[in-house]
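**Student:** According to TrEMBL:
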type	residues	note
DOMAIN	6-282	domain 'Phosphofructokinase'
BINDING	G14, R75, C76, G105, D106, G107, T108	ATP binding site
BINDING	R24, A25, V26, V27, R28, R158, G189, A190, E191, K217, S218, S219	ADP binding site
BINDING	D106	Mg(2+) binding site
BINDING	T129, I130, D131, R166, M173, G174, R175, E226, K250, H256, L257, Q258, R259	substrate binding site
ACT_SITE	D131	active site, proton acceptor
Amino acid sequence: MASIKKIGVFTSGGDAPGMNACVRAVVRTGIYLGKQVVGIHQGYQGMIDKKFINMDARSVRNIIQLGGTVLKTARCAEFRTPEGREKAYKNLVEEGIDALVPIGGDGTFTGAEFLSREFGIPVICVPGTIDNDLYGSDFTLGYDTATNTVIEAIDKIRDTAASHDRLFFVEVMGRDSGCIALHAGVAGGAEAILLPEKETAIDDLIVKLEEGALSKKSSCIVIIAEGDKNGGAYNVAKRVKEKFDFYDIKVTILGHLQRGGTPSSFDRVLGSRMGYAAVKALIAGETRKMVGLKGNMIQLTDLEEAIHNHSFKLEEDLLEMATILSI
Ligand SMILES: Nc1ncnc2c1ncn2[C@@H]1O[C@H](COP(=O)(O)OP(=O)(O)O)[C@@H](O)[C@H]1O
Ligand SMILES: O=P(O)(O)OC[C@H]1O[C@](O)(COP(=O)(O)O)[C@@H](O)[C@@H]1O
Ligand SMILES: [Mg+2]
């Protein structure tokens, strides 16, 4: 493989806190190791629209503390077609970009895998998604910050819930993944946690809530991941209300505030480590891999496995523990 001269870095899919720390690390590591680095704005859309910006060490100053992504992000339908990817690749060649560090989730990785297979361009991906749903890394960028944001909100809701003897249904992000819901639920002392990975019968939930009411709980908080099969917090609240009227019932959907905000120190360090490792891996001749953190060590996982291996499961023991700790 010819040696790499110019690395393209971009963020794609849902933004996540810590992406900027990662971009900064890619740019500075690349430059330190004698490579040119180009920032591609708006992910695959920018690749198609030629939104390339030459980066130097100062281009990434004062961004480690910022949420969102300074490179911007996009969801790009055209890139899903072979014609779209060919256009993108031709633009990369014209720009002299001969390796890529994509930062994003499973969709971004799928696009990178296609591009690399079809045109042979080396790619090392970084897992950036608040959902924490990729195989090969104990943590994805943004998950820690998002979970802390959710806990802050739950704590505030608890204050008003306890003051009024209320039952709150709080919906958190997680289209397919219950990681945020489970961890924020445990940390926020939730009375019940509903996840996409595990079906919860409404009748069982009501039994649990009744037990809480009988044992003189002054408030109840139920955390619901948006992908839970009961159809979201409003639906669950409506069905519970039909049979259970002990508490005044309220619903809060946390929505996109969970995706923004200053990255935690954990996400800044993780982004830095992953960006640094991604550039080193590319230069070492690796390709079609994802950088991940396993047991506090950086490791590489085949991209295909990172995307398709769903054998990692939520910690069921945490769910059991949460049920016991909320009696
Ligand atoms: N099957 C696919 N083939 C080609 N490109 C894809 C594919 N899936 C996703 N992508 C590209 O990656 C982008 C980001 O994917 P998306 O699923 O929206 O977010 P995430 O990377 O956070 O999972 C998409 O908008 C699209 O451009
Ligand atoms: O901002 P959008 O496009 O509505 O995306 C919302 C989605 O973003 C997520 O937080 C993360 O999605 P990604 O796969 O893009 O990282 C989902 O849990 C949520 O459903
Ligand atoms: Mg995704």
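Including glycine, each Cβ sits where the backbone N, Cα and C put it.
I would like each feature placed in context: is it buried or exposed, what are its neighbours, and how far apart are things?
**Tutor:** Neighbour density for G107 (ATP binding site): within 10 A of its CB lie 19 other CB atoms from the protein chains shown.
Spatially close to R24 (ADP binding site) yet at least six residues away along the chain are V60, I63, I64, G271, S272, G275, judged by Cβ distances under 8 angstroms. R24 (ADP binding site) falls within a helical segment according to DSSP.
Spatially close to D106 (ATP binding site) yet at least six residues away along the chain are T129, D133, L134, A306, I307, judged by Cβ distances under 8 angstroms. In the three-state DSSP assignment, the secondary structure recorded for D106 (ATP binding site) is helix.
When secondary structure is read from DSSP and collapsed to three states, M173 (substrate binding site) falls in the coil class. Applying an 8 A CB threshold to same-chain residues 6+ apart, the list for M173 (substrate binding site) reads I130, D131, A146, I180, A225, E226, L254, G255, Q258, R259.
Classification of D131 (substrate binding site) by DSSP places it in coil, neither helical nor stranded.
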**Student:** Can you tell me the CA-to-CA distance separating E191 (ADP binding site) and T108 (ATP binding site), as a whole number of Å?
**Tutor:** 36
**Student:** C-alpha of G105 (ATP binding site) to C-alpha of R175 (substrate binding site): distance in Å?
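**Tutor:** Checking the Cα atoms of G105 (ATP binding site) and R175 (substrate binding site) gives a distance of 13 Å.
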**Student:** V26, C76, L257: which of these binding-site residues has the sparsest Cβ neighbourhood within 10 Å?
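**Tutor:** Least crowded of the binding-site residues V26, C76, L257, by Cβ count within 10 Å, is L257.
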**Student:** Nearest to R75 (ATP binding site) by Cα, among V26, R28, R175, G189, K250 (binding-site residues)?
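**Tutor:** Answer for the nearest of the binding-site residues: R175.
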**Student:** Around ligand 2, within a Cβ distance of under 6 Å, which of the binding-site residues G105, M173, G189 show up?
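**Tutor:** Once distances to ligand 2 are taken from each Cβ, G105, M173 fall under 6 Å.
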